[in-house]
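Trainee: Straight from Swiss-Prot, here's the annotation block:
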type     : residues : note
DISULFID : 39-58    : disulfide bond
DISULFID : 75-155   : disulfide bond
DISULFID : 136-149  : disulfide bond
DISULFID : 230-251  : disulfide bond
DISULFID : 263-272  : disulfide bond
SIGNAL   : 1-24     : signal peptide
């Protein structure tokens, strides 16, 4: 998804923006109140005409969520730990609107436009409630650590990705029709598509036969060198993987709608001036 990347360490020092481990060691204060507040906000005001409400109430969801990691050693989790929570929080996703991202958190969410154009994992109830929060369990009362969480690199991969890995898998499994995947084609250090990314590990493998096509949007950052293009490098690898799964595949670089979004913040960039002449923008 889809997709700055998502890691929940059961040490659970994580955020959906996939910040570095050393930055995510202090648990979110008042975790229960934040969870319940976001849940109620979502229930009453968020995505009302776009995504359905879930049957479980907010306190039942909290109980199920807390049970998954509380009174356990920080790294004593696996990819099944949050299974019951995600079953309770599951939503039907609109056809042809599911979007994944890798390395382009801000751009992807600006483009998705709060669900009006596309749905991201962070627009779903679980993603909305837990986005950017940090938590971890402990064996003693009150069952979770309120002062510090261990660096997630100290946990096994199945533990540190137990929440967001399951979130990504569940989200992808609910997708139908055409799905969209936005990637960064200007990062010299990280390929646009990586098999070990959350998209590569959890989202792409969990797409079902209800999906018809994977549509890739390659974003080239303004003023930066173009590293990856459709049909070459890691994007060719992705195309082969997608077609092997019998899905259709499309790839486009900086479509007009994305370019205009980038240029809104930097209208004087060379690419924006060229686009202005090409598209005859006043």
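Placed from the backbone N, Cα and C atoms, the Cβ positions cover glycine too.
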Trainee: Between the Cα atoms of residue 39 (disulfide bond) and residue 272 (disulfide bond), find the distance and write it as a whole number of Å.
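Mentor: Here the two Cα atoms are 40 Å apart.
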Trainee: Which residues of the same chain, at least 6 positions away in sequence, have a Cβ lying under 8 Å from the Cβ of residue 272 (disulfide bond)?
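Mentor: Non-local contacts for residue 272 (disulfide bond): 222, 259, 262, 263, 266.
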Trainee: Which of these disulfide-bonded residues is closest to residue 149 (disulfide bond) if you go by CA atoms: 58, 155, 251?
Mentor: 155
Trainee: In the three-state scheme derived from DSSP, which category covers residue 251 (disulfide bond)?
Mentor: strand
Trainee: 58, 136, 155, 230, 263: which of these disulfide-bonded residues has the highest Cβ count within 10 Å of its own Cβ?
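Mentor: Per the Cβ count, the most surrounded site is 136.
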